[in-house]
């Protein structure tokens, strides 16, 4: 099994080493019920407009698994989790190399750690 693990690391390493893109979330730590949560993800080490990538928002409620919120393409095309669609807006600002999440009418059920991802 050690040999297999080592082999898998070798195969995966080149793509990992070449991937210099970093994403950093920013926004308020707390939002009151009924308010709108606004988060921004800043992309560094590469252009948000280059490559065939979808830029996503994901969240993880305490003690639960990951929940996909939605994604956006640099052109502005979006797709949202149907269960959140009525409250979610994801937008992109290519001039700032950022994409953003707005989640309206938050409740205790929206308590989670929010992540941006490519």
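Placed from the backbone N, Cα and C atoms, the Cβ positions cover glycine too.
Since the structure is predicted, the reported quantities are computational estimates derived from the model, not experimental observations.
What Swiss-Prot says about this one:
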DISULFID  41-116  disulfide bond
DOMAIN    20-118  domain 'Ig-like'
REGION    20-44  region 'Framework-1'
REGION    45-54  region 'Complementarity-determining-1'
REGION    55-71  region 'Framework-2'
REGION    72-78  region 'Complementarity-determining-2'
REGION    79-116  region 'Framework-3'
SIGNAL    1-19  signal peptide
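For residue 116 (disulfide bond), the same-chain residues 6+ apart in sequence whose C-beta sits under 8 angstroms from its C-beta are 23, 25, 39, 41, 55, 56, 57, 58, 99, 101. Secondary structure counts, DSSP: the region 'Framework-2' (55-71) has 0 helix, 11 strand, 6 coil. Using a 10 Å radius centred on the Cβ of residue 41 (disulfide bond) and all shown protein chains, the other Cβ atoms total 25.
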